[in-house]
Amino acid sequence: MQRLHRKRIVLGVGGGIAAYKSAELVRRLKDQGAEVRVVLTRGGREFITPLTLQALSGLPVHLDLLDPAAEAAMGHIELARWADLVLVAPATADVMARLAQGVADDLLTTLVLATDARVALAPAMNQAMWRDPATQANAELLRSRGIKLFGPASGSQACGDVGPGRMLEATDLAQLAADCFQRLDLTGRHVVITAGPTQENIDPVRYITNHSSGRMGFALAEAAAEAGARVSLVSGPVHLPTPDRVERIDVISARDMLAACEALMPCDVLIASAAVADYRPEVIAPHKLKKDPTRGDGLLLELVRNPDILATLAGRPDRPFSVGFAAETQNLLEYAQRKLRDKNLDLIVANDVANPAIGFNSEDNAVTVIDRGLHEIRFEQTSKGKIARQLIALISTHLKDTAQNHA
Ligand code: C5P
């Protein structure tokens with residue numbers, strides 16, 4: 001799915017060295033299905049040519065406020081009305097100051113004043129300029145008026161300094177632009193989330209389990225609650241605090257988890273993020289297993305399949321909107337598509353657990369979501385909290401689309 005399908009974006013390019021990233025940004029926005037019209041400020045023209053941006057956007061670049069020819073083609077008011085989003089990247093300290101003051105002395109600032117569309121800025125400047133109280137006050141004022149600030153990131157700067165003020169990368173900005181259009185609303189919905197590992201007992205002191213930390217599921221529970229849902233979080237043994245406004249049901253084994261989920265049905269959405277043990281010991285020994293010299297050095301454990309919680313619930317006649325996870329170490333998308341089909345899911349979230357930066361116990365994640373039409377949506381590496389909010393926004397959009405299709 002292209003997350004910006006047919007969205008109209010005015011990209012304002014200010015006069016900063018980060019303007020070189022704006023060329024890439026045009027491409028990334030268009031990859032997501034957006035129509036992009038570029039407004040290049042006088043300063044911006046010192047860093048990147050109109051021709052580059054015109055070639056990439058496929059549309060004439062807008063330069064001047066008082067150019068009769070340009071105004072006749074598409075004037076500043078028409079441009080302001082045309083936009084679904086005005087994204088200024090890079091937003092220099094000067095552009096931010098002028099926007100904060102409501103100055104309208106060029107095409108970009110006039111357009112921002114005139115538009116009813118969402119406005120977002122990607123600040124880019126030297127770290128001392130970003131930290132300056134004047135810039136911070138302008139940033140606060142702009143935020144208080146509903147203007148979104150994307151970044152800035154911290155790191156090494158073109159001027160040789162290190163600190164906050166780097167413009168975010170084009171792929172991140174395109175995702176944040178798409179987030180502006182997501183309807184994060186699950187009011188009145190009941191969402192059931194499974195999380196963490198399961199423990200399958202061998203005897204009273206030993207069990208089989210896995211490395212799942214439960215972080216992704218807990219982040220999803222928090223994001224769903226923030227979006228207004230009633231959230232039931234069915235969790236295996238983890239060391240995490242329960243998010244606010246979330247009902248938590250602790251379980252141990254896969255069979256406990258299934259029973260707890262079934263007791264919560266029917267619900268609107270099921271998100272199965274738990275790493276459920278596929279097998280359990282056939283019998284749980286009533287007493288601690290002792291080393292048995294007559295058996296030599298080996299011990300044979302007979303395992304049997306656990307029920308598939310997700311497939312069971314997604315197969316019910318009153319099935320919820322069902323979202324599964326495919327944690328794989330190889331052939332990620334192929335296996336994910338197969339699971340989507342075999343388990344009768346609405347969405348599957350594929351993540352590569354072979355990569356330690358985004359694996360089971362990591363802070364971050366990066367995922368590809370596949371829907372029933374086999375459209376793929378990529379969420380680049382970021383914190384599990386951010387990924388969770390993006391996933392919840394996507395689920396809420398799908399729920400609304402499904403409701404509209406049935407209407
Ligand atoms: O088949 P696989 O275990 O890779 O599928 C992963 C998805 O199925 C996850 O969403 C997981 O929570 C769910 N699952 C389940 N019950 C099982 C096994 C997996 O709900 N027994």
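Cβ from N, Cα, C; glycine included.
Not measured: the values here are computed from a predicted model.
Listed features, source TrEMBL:
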| type | residues | note |
| --- | --- | --- |
| BINDING | Asp278, Lys288, Pro307, Asp308, Ile309, Leu310, Phe325, Lys339, Lys343 | CTP binding site |
| DOMAIN | 186-396 | domain 'DNA/pantothenate metabolism flavoprotein C-terminal' |
| REGION | 1-190 | region 'Phosphopantothenoylcysteine decarboxylase' |
| REGION | 191-407 | region 'Phosphopantothenate--cysteine ligase' |
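Here the features listed in TrEMBL are painted onto the structure.
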| residue | record | DSSP (3 states) |
| --- | --- | --- |
| Asp278 | CTP binding site | coil |
| Pro307 | CTP binding site | coil |
| Phe325 | CTP binding site | strand |
| Lys343 | CTP binding site | coil |
Below 8 Å Cβ to Cβ and six or more residues apart, same chain only. Which residues does that give for Pro307 (CTP binding site)?
Ala254, Arg255, Leu258
Tell me, what is the mean pLDDT of the domain 'DNA/pantothenate metabolism flavoprotein C-terminal' (186-396)?
93
Residues Asp278, Lys288, Pro307, Asp308, Ile309, Leu310, Phe325, Lys339, Lys343 [recorded CTP binders]: greatest CA to CA distance in Å:
37
CB neighbours of Ile309 (CTP binding site) within 10 A?
24
